[in-house]
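Beneath this line is the structure, given in structure tokens, with notes to follow.
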Amino acid sequence: MKTKSSKAVSSRRTLNTFVTNLVDRFAFDTYGIDAKSQALFRIFYASLFLVIGGLPSWVWIGDKPSVLFQPPPISLTNFVASSFPPAGFFISLEIIVCLLYVALLFGFYTRITSVLLAVFLTIGFSFEFSFGKIGHFAMLMILVPLMMSFSNWGTLWSIDARYRHAQPNPNRAAWPIAFMVLCFGFAMFSASVPKIIAGWLDPATQAVRGYMLRFYYVQGSRELLLPYLVDFTSKGVWEAMDWMGVGLELTFLLAILRRQLFRFYLLVTISFHIANLLIFNINDFYLNTYFYALFFNYTLITERMSPLASQRLGSFFNYVNLALVAGAAVVWYRFFTLSPFFTALEALSLNFDEATLVLLFAMLALALTDAVLSLRQRQPTPAVGAL
């Protein structure tokens, strides 16, 4: 007959085994995608910045007086500067970041390029956030290239694959992505805690409506739906929005344990980004959707790609095209602040908020299409590390 101590030891072993299996499955299986899918994401991700969303701009910081230099306690700028560098520094920084995005697109020394991109983005955003306000959208911009440097996203359809014979490593197929998902889940969860403490769930107050009124009366925002919602006073609707927002953020950590559930949460999150833009005119969150694109089912494309199409795609990534695209990108972003996409929409008399709304709806449409096609496919997930 088992003693109480032996039962306790057995229970602990069972719990340890369960936790170990859960962690292993999450880190190495749940978010594993094949090398072709990772390569397509690399191409899509870099193209989104170069052509659609645009690159970070920091040259305006060089004109600011040193009295405004107030970096947070934990900031790279505290170790490298005591005031804002001149505009020439930021021009050079922007050119370097532009060239690194092009190098990433072409898979040129992809692992080194990814790390350098994360480093130079950190430098630029450290100065941008030295005015006392931090934009959390930068987290994913830095985290994606940093973590994907450990992945297989440069081993196919790249200069590395064509000239340096890079080969996929099955052990790098899942854990970098799982780590980013975990960070994103914690970020969403941590965003819910201050809201709960501040009383967002108090039925006597409507926090979302309060923020909306502040944007309208204090900040003077008059874009999109904001002017039409000022007089909308339904407590039930506004309170439901409070609970939905907090509930989404609070349960994200549970959603990450299931890939399909996580993808559904991302669909809802894109919808919330659209609502934030329509109601509050907050347009920074479109940058997060580039991270969401990592979870598109790229096998819908790769499994239908003929060997000839794959060969032609790979042949595009050569040194001549790298030089041409790099030159064109540097020239464009030296003369234009906005990306080609936003510049084209601006020519159609759309302001930045309206153009961002077009982009968000396009990403939502892509995500919905991907979800529907994935449900129809109903095929087993390809083996991790498969070509």
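Cβ coordinates are placed from backbone N, Cα and C, and glycine is handled just like the others.
As recorded in TrEMBL, the features of this protein are as follows:
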DOMAIN    33-297  domain 'HTTM'
TRANSMEM  43-61  transmembrane segment
TRANSMEM  87-108  transmembrane segment
TRANSMEM  115-131  transmembrane segment
TRANSMEM  137-161  transmembrane segment
TRANSMEM  173-193  transmembrane segment
TRANSMEM  240-257  transmembrane segment
TRANSMEM  264-283  transmembrane segment
TRANSMEM  289-309  transmembrane segment
TRANSMEM  316-335  transmembrane segment
TRANSMEM  355-373  transmembrane segment
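Averaged over the domain 'HTTM' (33-297), the predicted model has a pLDDT of 90. By number of Cβ pairs under 8 Å, the transmembrane segment (289-309) is matched best by 355-373 from the list 87-108, 173-193, 316-335, 355-373. With a threshold of 8 Å between CB atoms, the same-chain residues lying at least 6 positions outside the transmembrane segment (87-108) that come near it are 39, 42-43, 45-47, 49-50, 55-63, 114, 116-117, 120-121, 123-124, 127, 145, 153-154, 157-161, 166, 317, 321-322, 325-326, 329-330, 333-334. For the transmembrane segment (316-335), the residues of the chain that approach it from at least six positions outside its boundaries are 50, 54-55, 94-95, 98-99, 101-103, 105-108, 157-159, 161-163, judged by C-beta separation under 8 angstroms. Recorded stretches compared: 137-161, 173-193, 264-283, 355-373; the one with the most Cβ pairs under 8 Å to the transmembrane segment (115-131) is 137-161. Taking Cβ pairs closer than 8 Å, the transmembrane segment (240-257) reaches residues 22, 26, 30, 181-182, 184-186, 188-189, 191-192, 195-196, 200-201, 206-208, 264-265, 268-269, 272 in its own chain, all 6 or more past its ends. Residues of the same chain lying 6 or more positions beyond the ends of the transmembrane segment (173-193) and with a Cβ under 8 Å from any Cβ of it are 26-35, 38, 136, 139-140, 143-144, 147-152, 246, 248-250, 252-253, 255-256, 262, 291, 294, 384-385. Packing against the transmembrane segment (264-283) from elsewhere in the chain are residues 208, 211-212, 215, 221, 223-226, 229, 245, 248, 252, 255, 289, 292, 295, 352-353, 356-357, 360-361, 363-364, 367-368, 371: each is 6 or more residues past its ends and has a CB under 8 Å from a CB in it. Cβ atoms under 8 Å from those of the transmembrane segment (43-61) belong to residues 84, 87, 90-91, 93-94, 97-98, 101-102, 104-105, 121, 124-125, 127-128, 141, 144, 157, 286-287, 290, 293-294, 329, 333, 337-342, 359 of the same chain, restricted to positions at least 6 beyond its ends.
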